[in-house]
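**Q** Provided herewith is a single structure, encoded as structure tokens, for subsequent inquiry.
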Amino acid sequence: MQDRRHFLKAAALSAAALSLDGITSEKAQAADASKGKVTKPIVVSTWDFGRAANEAAWDVLKKGGRALDAVEAGVRVPEADPNNHTVGYSGFPDRDGRVTLDACIMDELGNCGSVAALEHVTHAISVARAVMEKTPHVMLVGDGALQFALANGFKKENLLTPESEKAWREWLKKSEYKPIMNIENSSYGPDKATTFNPLKLPGNVYNHDTIGMVALDANGNLSGACTTSGMAFKLHGRVGDSPIIGAGLYVDNEVGAATSTGVGEEVIRVVGSFLVVELMRQGYSPEAACKEAVTRIVKKNKERAKGLQVGFLAINKKGEHGAYCLQKGFNYAVLSEKESNVLIDGKHYF
Ligand code: SD4
């Protein structure tokens, strides 16, 4: 009995400690809510190249457009960027030299669509949206996804650019399968943060990665999109978190939306984006929710987590945003009437 009382007290104390950030922020949110303050529209996205994506999303949002259209338009920007080697066209290939894309999209009604291991189509996000809108399914993979895309008017292209092919051939010399930390952040050059520089180019030429974007529109509706070529030089057939609803992206129009970047295997293990949204439902602020999801990853295996990067990014129904990551180096871009596409460094666990 004594033990049980002790346990209950300890559990209550640790629950209070865990949610302290959330509660503090909850008070701030309550104060804002009493003043009727909601920041909308607003769009946030991962990494510095999220700024260009945010601009495209803003073109939709500022006219009163739907968050779903905004996030699709936004992430199509890095998908088409030949200098971005981890999203869409010119993405780094897998270890067999094949560029395979993962993407998903989710709207305010809980509709969602996804493609994994899609080849030969730049705008994987638009194929994911077509899966959502034109099929009774959520997810199509590989050849099936390609056949569906071609049948729906998408053009077959070669996504492997000479630069990405050169990087792959360089990688083949050693064939070391190592996640490259902060490959996404253009200020983290390979000399500073990695031991492998496949293109032997300055960091800002090749250091870009997955884009996750979540937005709240003028009508107060949320949507999100996530698209990537996945981990560079991955095993053929490997799928990360980015196309998995609940892992790489989750939207609940009552609560908020979250997305992730980094080593997808870690995100899948904790069903990260769903976890972040559920924590916000319990009253955590976006940042506190992202921090708790990162902490779960650390709890699973601290030694492994020390060598990896994962970042979560979230917004809630009030248009508040926050992020948290394992290591220094993750940043995100915010665009609203209050914040003019500012880049914010994610707080980090280690
Ligand atoms: C993946 N999460 O395929 C993606 C990669 C990524 O920043 O986001 N890198 O695991």
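Quick reminder: no glycine exception, Cβ is built from N, Cα and C everywhere.
If you look up TrEMBL, you'll see Thr210 marked as active site, nucleophile. Taken from TrEMBL, the feature substrate binding site applies to Arg238, Val239, Gly240, Asp241, Thr261, Gly262, Val263, Gly264.
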**Q** For ligand 1, which among the recorded positions Thr210, Arg238, Val239 have a CB under 6 Å from it?
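**A** Cβ < 6 Å from ligand 1, in sequence order: Thr210.
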**Q** Reduce the DSSP letter at Thr261 (substrate binding site) to three states and note it down.
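**A** In the DSSP reduction, Thr261 (substrate binding site) maps to strand.
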**Q** Please give me the CB contact count at 10 A for Thr210 (active site, nucleophile), counting all chains in the structure.
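**A** For Thr210 (active site, nucleophile), the count of other Cβ atoms within 10 Å is 32.
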**Q** Give me the count of other Cβ atoms within 10 A of the Cβ belonging to Val263 (substrate binding site).
**A** 21
**Q** Quick check for the class: what is the C-alpha distance, in angstrom and rounded, between Gly262 (substrate binding site) and Thr210 (active site, nucleophile)?
**A** 8
**Q** Can you tell which of Gly240, Gly262, Gly264 has the most other C-beta atoms within 10 Å, given these are the binding-site residues?
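**A** Comparing the binding-site residues Gly240, Gly262, Gly264, the most crowded Cβ belongs to Gly262.
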**Q** Taking Cα-Cα distance, which of the binding-site residues Arg238, Val239, Gly240, Thr261 are within 10 Å of Thr210 (active site, nucleophile)?
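**A** Qualifying among Arg238, Val239, Gly240, Thr261: Thr261.
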**Q** Translate the DSSP assignment of Val239 (substrate binding site) into the three-state scheme.
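**A** Going by the DSSP assignment, Val239 (substrate binding site) belongs to neither helix nor strand, so it counts as coil.
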**Q** Taking the Cβ of Thr261 (substrate binding site) as the centre, how many other Cβ atoms fall within a 10 Å radius?
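**A** I count 32 other Cβ atoms within 10 Å of it.
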**Q** Measure the Cβ-based neighbour count of Arg238 (substrate binding site), defined as the other Cβ atoms within 10 Å of its Cβ.
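**A** So the Cβ neighbour count for Arg238 (substrate binding site) comes to 18.
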**Q** Counting across all protein chains present, how many other Cβ atoms fall within 10 Å of the Cβ of Val239 (substrate binding site)?
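**A** The Cβ of Val239 (substrate binding site) has 20 Cβ neighbours within 10 Å.
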**Q** May I ask which residues of the same chain, at least 6 positions away in sequence, place their Cβ under 8 angstroms from the Cβ of Asp241 (substrate binding site)?
**A** Ala247, Gly248, Ser260, Gly264, Glu265, Val267, Ile268, Gly272
